[in-house]
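Per TrEMBL, the features are as follows:
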SIGNAL    1-31  signal peptide
DOMAIN    27-142  domain 'Ig-like'
DOMAIN    150-257  domain 'Ig-like'
DOMAIN    274-355  domain 'Ig-like'
DOMAIN    363-442  domain 'Ig-like'
DOMAIN    449-541  domain 'Ig-like'
TRANSMEM  549-571  transmembrane segment
REGION    580-628  region 'Disordered'
COMPBIAS  609-628  compositional bias 'Gly residues'
Amino acid sequence: MEPPDAGIGARGAPRLLWLAFLLTVHPGVQAEVHLSVPSLVEVMQGELVTLDCTVLENLDQYMLEWFLTDRSGTRHRLASAEYRNSKLQGSVDDSESRSPPYQLDSQGRLVLAEANVGDERDYGCVVKAGAAGTAEATASLRVFAKPEPPEVSPNKGTLSVMEELAQEIATCTSRNGNPAPQISWYRDGQHLKVPMEMNQDRYMTSRTVREASGLLSLTSTLYLRLHKKDRNASFHCAAQYNLPSGRHGRLDSPTFHLTLHYPTEHVQFWLGSPSTTEGWVREGDSVHMLCQGDGSPSPEYIFFRLQNGEEQRVGVNLQGNLTLTSVHRNQSGTYACSVEDYDAEDHVQLVKTLQLRVAYLDPLELSVEEQLPVFLNSSLTPIHCSAHGLPKPTLHWTKDSVPLGDGPTLSISDITFDSAGTYLCEASTPTVPLLSRTRSFRLLVQGSPELKPLEMEPKPKDGWTEGDEVRLACSARGYPEPTLTWSQRGGTPPEPSGGPGWVSSVLTLKVSSALGREGVSCEASNVHGKTSHVFHFGTVAPQMAQAGVAVMAVAVSVGLLLLVVAAFYCMRRKGRPGCCRRAEKGAPPPGEPELSHSASERPEHTGLLIGGASGGARSGSGGFGDEC
């Protein structure tokens, strides 16, 4: 590569002659050339770079050259161009030192494709315009590279809080950035101000490495003096990096926790589920005792029972729990938990105790049997319910789920059928939920049945009519259970109905005049007696349609009887059937008055009258034989 003042060879000779001609033509001319070149160009790695060099004056002819200044200060020409006749003719002198190679565009700008960290140099632009003068400007190129996300490697050992010096916490590495990133540390999201100088409390070390690619990697190691409060702390590191135009970026590492060793300072010992607020547990339950110290790693827990001034070991483990399966009342007493931590300070109380109180309730006892028969209208001696348990139970009486009162004694007087039912004695302990027992007996009231008739359905407003359908019902109670019978057939078998002890039967029938006179009776009976009820219907009206049919039947019967009599009479007069016909024709209709006859009819009727009278005188054998 030739410096700008070196010989330019045969190709440069015409240019020098042309410059000399300019100087002779324009003697004493004072000229000055000005350039527009950006002093700083910032790009991201991999981007396209265009370095601009613009001549501000309007020159007819000039020479433009691009030079690269290396780290030793030596300049190497990269490209050149000649401006003449309003055209710029250029060429690249260095086409091998970079890949992709340098390029020169039509406006004389230097182009670098796919910028990389190795392109971070100073690029000089020199313009020579003969007598007009020479101008030079430099553009500095900076290439930025975003680093990879930081990788953190925490200390996986157990770190003791009793150590008086800062211990290594973690190492954080951010690779392949440009310029080199900065690493900072955080605890629970808060920035840790960590100096670079070594001390007993906190500090960090850093190391920067240039990779083969020219990019930079930074490694930082954090040292802290730990305390017990750090046992649940969350740590992480972050890499801050620069971007073009003064912008900044940040990449955070995953969080991590430390495993610490610290002595026990406090011990807790308590009853787990199930237990009450007063420390009672039910007999038969599985009881869990939990013991916990705040030291790390977890110490050994020793459980023992204090009985008669002696310690009886009942369990040893690292989990801090003791389970008593199906606990019994004789396991009540004082239990202790001891934490075996030899790093604990002398004033720390490593033994804790608790009282285990087992609640129990024995089966209840009643002063009567499960079934108690009594007679109606009698009195009953008080009934006692006995309960034994700890804590002392309370007693409560109910009848068919209806509360009666509290206490061990139940008194019942003036016994009626309503007194019958199931009586329940319940014992419970309010301080121990779900600890309860019950005992019951059934009171049976013996006596003659009690009968309760129900209204007739449907009940007409205007009285009963023959053929109406009616539904009758009777209910009865007593002990033994009564039998229900009806005076008419069709009653249903007795079924429970209407309350405890009641049975009922239903009879459905049609109303008749006989039922209206006699009624229907319902009777309830058992071994102690019987009672009955009669349902009365009153006057039962006949059905109108049936009365009309009866009248017509009577009329038809009478008509048929008359026809039979007439036929019989005519049969006796056989031989003179015409007589019967004349008699039928001559006889006036029943109920009509006899009419007077005309003169022409009078002789005939006269003859008949005469013949009838004289016939009695003439005939000795015929009598009424000739009469019609």
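The backbone N, Cα and C atoms fix where each Cβ goes, glycine too.
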Average pLDDT across the domain 'Ig-like' (363-442), rounded to a whole number: 92
Helix, strand and coil counts within the domain 'Ig-like' (27-142) (DSSP): 6 helix, 58 strand, 52 coil
DSSP-derived helix, strand and coil totals, residue by residue, for the domain 'Ig-like' (274-355): 3 helix, 44 strand, 35 coil
Secondary structure content, the domain 'Ig-like' (363-442) (per DSSP, counts of residues): 3 helix, 46 strand, 31 coil
Three-state composition of the domain 'Ig-like' (449-541), taking helix and strand from DSSP: 6 helix, 50 strand, 37 coil
DSSP residue counts for the domain 'Ig-like' (150-257), split into helix, strand and coil: 8 helix, 60 strand, 40 coil
